[in-house]
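Marked as domain 'BTB' by Swiss-Prot: 50-119. Taken from Swiss-Prot, the feature domain 'BACK' applies to 154-255. The feature region 'Disordered' is assigned by Swiss-Prot to 595-617. According to Swiss-Prot, the repeat 'Kelch 1' annotation covers 300-347. Annotated repeat 'Kelch 2' per Swiss-Prot: 348-399, in sequence order. Sequence annotations record features per position, and here Swiss-Prot assigns repeat 'Kelch 3' to 400-446. Taken from Swiss-Prot, the feature repeat 'Kelch 4' covers 448-493. What Swiss-Prot records for 495-545 is repeat 'Kelch 5'. Annotation comment: Swiss-Prot describes 546-595 as repeat 'Kelch 6'.
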Amino acid sequence: MKVSLGNGEMGVSAHLQPCKAGTTRFFTSNTHSSVVLQGFDQLRIEGLLCDVTLVPGDGDEIFPVHRAMMASASDYFKAMFTGGMKEQDLMCIKLHGVNKVGLKKIIDFIYTAKLSLNMDNLQDTLEAASFLQILPVLDFCKVFLISGVSLDNCVEVGRIANTYNLIEVDKYVNNFILKNFPALLSTGEFLKLPFERLAFVLSSNSLKHCTELELFKAACRWLRLEDPRMDYAAKLMKNIRFPLMTPQDLINYVQTVDFMRTDNTCVNLLLEASNYQMMPYMQPVMQSDRTAIRSDSTHLVTLGGVLRQQLVVSKELRMYDERAQEWRSLAPMDAPRYQHGIAVIGNFLYVVGGQSNYDTKGKTAVDTVFRFDPRYNKWMQVASLNEKRTFFHLSALKGHLYAVGGRSAAGELATVECYNPRMNEWSYVAKMSEPHYGHAGTVYGGLMYISGGITHDTFQNELMCFDTDTDKWTQKAPMTTVRGLHCMCTVGDKLYVIGGNHFRGTSDYDDVLSCEYYSPTLDQWTPIAAMLRGQSDVGVAVFENKIYVVGGYSWNNRCMVEIVQKYDPEKDEWHKVFDLPESLGGIRACTLTVFPPEENPGSPSRESPLSAPSDHS
């Protein structure tokens, strides 16, 4: 039953059901608050029941108001009128921190809940809202500023944000400038940037679509506008990534600038760039803010593998674009690889050993090693292994690579090799007590851990730990399940072992779906949720604290798979998230910071300054 009473704004209506006598009902008016507000505003306009007069600091105009209204909307006025201050008993109060325009805006808002803003009244309104602690007005001012940011006013909006400590607006302005910096350079507004904001922009990994040379020239323009700005030259130049410029650009455009030759800090920056470029093999262990890729785009990356159809080995390097939910290609390897080892040092991707041809016995193992540089989307060859090896594990630890075990035409391997980027050479370290292949490994706490694998055709459950400082192997608590061709990774203080296969009975292989993690502190294994589907000989990577298991081979289904499964350690849950472009076994995966997908890494602006041979000769 619908009941309606009255007309107009004060009318009410409700849908009622018959009820027993004595039942209590509650009613709410949707219009009462606005009617009361309108009533108070009319009283103010007519000067009725006003009990205090406010006077702005910049004039004598008076604003009669009601103390209760002002105190209900502002902590400032509440403290003034109830906190025992002298103004509590005054009938006329001068507000020295607020001007006429700002005070009128605040009073109108308190009485009407409405606010009109433009660039002419914004700062007066902001100043009054900040002084009088009117938070809704501050929020409206922030929205107004953010919604109107453009190339023509971004510098001014940034100044206002800094003046009034509008953190959200300041962050938005920074992001706007970073996204539109090339366009801003072509306007006069660029030269109005304050030093602090320009330095932030030039230091940011989110700055896109500009070469380091273009950034250097822009910084020089800004410095030369006014003589006092030259005092900032050294501080500004520290944000330019000179090591990433070509030697030709350094000579032709940078060294010809006077302060780059006379200022000690700038001279040292050029020396740093020169030293960096002369040591191409050492670069992964020479990384700094000025040598890092100018990108904030980190992605899951996969490399190589053997195709399900025709058993062709892939040389593809791909990254997964999470936003577009699709795979994108990076520069492929010169030669295909599977059963290889990959590891990352200083955001350089190393690809070690493996096989170029499909061969389950490892007789076509190779010893070659290549390094991918995402800054230029290019590969270069580095020193080869001392031994050919496949089905092995590769770890990056303390700026070195460690290639552990594996197999080759000579048989199963127990040897371990260490690559030193500073010397560009491999050397032997302490070998394992027994040969292993198909094992997995990870690093934690400055130590390398190796689990499972196959020794003399027998699947293992042992866990071994290698200390690079003492060059010794030690035995740890074994896994609860024997397994090989599995994967291993570290999340937090836990070492996860996932998937793989082992013998079912005496001769047939079977997927291992069970998973477990090892606690180095407790020397103890704990089971976790089982995989949804079997995967052996996979790629594994930790991305945003989730474990991604990529591709591989399913022994239960007797085929390569394209599935990518994600494990959430916090929830102890597995999910199928997406697929590879094709089914690939013996694939490898990692995370790498690369240029955003919309950029073309192969453009001339990505010319590599490397002086090392790039023809693999």
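Glycine is no exception: its Cβ is also placed from the backbone N, Cα and C atoms.
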Is it the case that the repeat 'Kelch 5' (495-545) and the repeat 'Kelch 2' (348-399) have 3 or more CB pairs under 8 Å, with pairs at least 6 apart in sequence?
no
With the repeat 'Kelch 6' (546-595) as the reference, find which of 300-347, 348-399, 400-446 contributes the most Cβ pairs under 8 Å.
300-347
So what's the average pLDDT for the repeat 'Kelch 5' (495-545)?
94
Tally of helix, strand and coil residues over the repeat 'Kelch 2' (348-399) according to DSSP?
0 helix, 23 strand, 29 coil
